[in-house]
Amino acid sequence: MIIFMKDFEEQVMNLVNLLGISKDLFFILWTVLSILTLLLGVTMGVLVIVWLERKISAGMQQRMGPEYTGPLGILQTLMDGIKLLLKEDIVPAKGNTWLFNLGPAIVVIPVFLSYLVIPFGQKMILSDLGIGVFFWIAVSSIVPLGLLMTGYGSNNKYSFLGGLRAAAQSISYEIPLALCVLSISLLSNSLSTVDIVEAQSKYGILGWNLWRQPVGFIVFIVSSLAECERLPFDLPEAEEELVAGYQTEYSSIKFGFFFIGSYLNLLVSSLFVTVLYLGGWDLSLPFLPGLNHITMTWYSSDGITEVPSIFLSFFITLIKAFLFLFVSIAARWTLPRVRMDQLLDLGWKFLLPIALGNLLLTASFQLLLLG
């Protein structure tokens, strides 16, 4: 259930009691409503990200980009998605139908589950788990299995090579990513995403982990781009080499699943960069004191109650996340694609030792500080 303010939850429960609705039924309805709201929200986020990528890419190439479908072409992505869903769903005749059909779901579902532990704003989170960040790492590790299933089930050499590349790339960069997350957890003394943000907000903008973990921040950014298969790390679907990689044999809604999953994963990485390193919803700027503590009035049956500016914190989180999105989009059109051996060397020979050394230094610092 989405956590808003306690007063709001208490008043909703009072209304439920007045209407005679059982608490169990209300909990089920509220959970379903929360999940549907999340799905709708992240889907709208994907549409906005695709539109932004088209516009930014067009600007970097001195083109117009989407222009006519809706204001500033913002509905062009929606129209393209509808057209894609109306196409024929083709299944390879000699492929493994079970693996071919199940693979896209295995790839997309873990990405959706990652949103459960992301605090979109102050007290705006579906599930504040005590192991939130490692829940994200755990569900993300399921994705390579789905990629291998799609590559093998397609009965296509390009798809199979793309699946192998994707699995190798994901495994190679997930370890440095996890080590960076562990370093942040040591500094915050918690694995909860909410606790990590609150630990940074104690000291304002100077308390952000960006300043305390600059090396980890760089490793996390590079590993996140590799996990999202963004240029220069898009080897699993390199068009010049593998047609479309593990997506080669897919069409219609199944191909759309990969498309949605890719941008959802990019948004997840952007939000975790914000939560782990950029203070989440916190925006305590030295030249704007008290901005993070602006309150708004909320009218209820009990009178006027002051609550934290939840929606302001939501927009602050999104603005920070979209800064990372801009970096990833700009990198797509400025950096060349690396070779497979270079990608693996970067992950295993450089990022992994650096992330491990950063973790050891962080642990040593914490021991000296606490000792």
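Heads up, the Cβ atoms here are built off N, Cα and C, so glycines get one too.
The transmembrane segment feature in Swiss-Prot is assigned to 32-52 (among others); the stated evidence is sequence analysis.
If one looks beyond the transmembrane segment (98-118) by at least 6 residues along the same chain, the residues whose Cβ comes under 8 Å of a Cβ in the stretch are 38-39, 42, 91-92, 125-129, 132-133, 135-136, 139-140, 142-143, 145-147, 149-150, 152-154, 193, 249-250, 254, 257-258, 260-261, 264-265, 268, 271-272, 275. Taken from Swiss-Prot, the feature transmembrane segment applies to 98-118 (among others), supported by sequence analysis.
Under the heading transmembrane segment, Swiss-Prot lists 129-149 (among others), citing sequence analysis as support. Residues 99-100, 102-107, 110-111, 113-114, 116-117, 162-164, 166-167, 170-171, 174, 177-178, 181, 184-185, 190-194, 196, 227, 236, 246, 268, 272, 276 of the same chain lie 6 or more positions beyond the ends of the transmembrane segment (129-149) yet place their CB under 8 Å from a CB of it.
What Swiss-Prot lists as transmembrane segment is 167-187 (among others).
Residues 42-43, 45-46, 49-50, 81, 84-85, 104-105, 107-108, 111-112, 114-115, 118-120, 133, 136, 193, 196-197, 220-221, 224-225, 227-230, 247, 317, 320-322, 324-325, 328 of the same chain, all 6+ positions outside the transmembrane segment (255-275), place their C-beta atoms under 8 angstroms from a C-beta of that stretch. Swiss-Prot lists 255-275 (among others) with the feature transmembrane segment.
Annotated transmembrane segment per Swiss-Prot: 310-330 (among others), in sequence order.
Swiss-Prot lists 350-370 (among others) with the feature transmembrane segment.
Contact between the transmembrane segment (350-370) and the transmembrane segment (32-52) is not supported: fewer than 3 Cβ pairs lie under 8 Å, counting only residues 6 or more apart in sequence.
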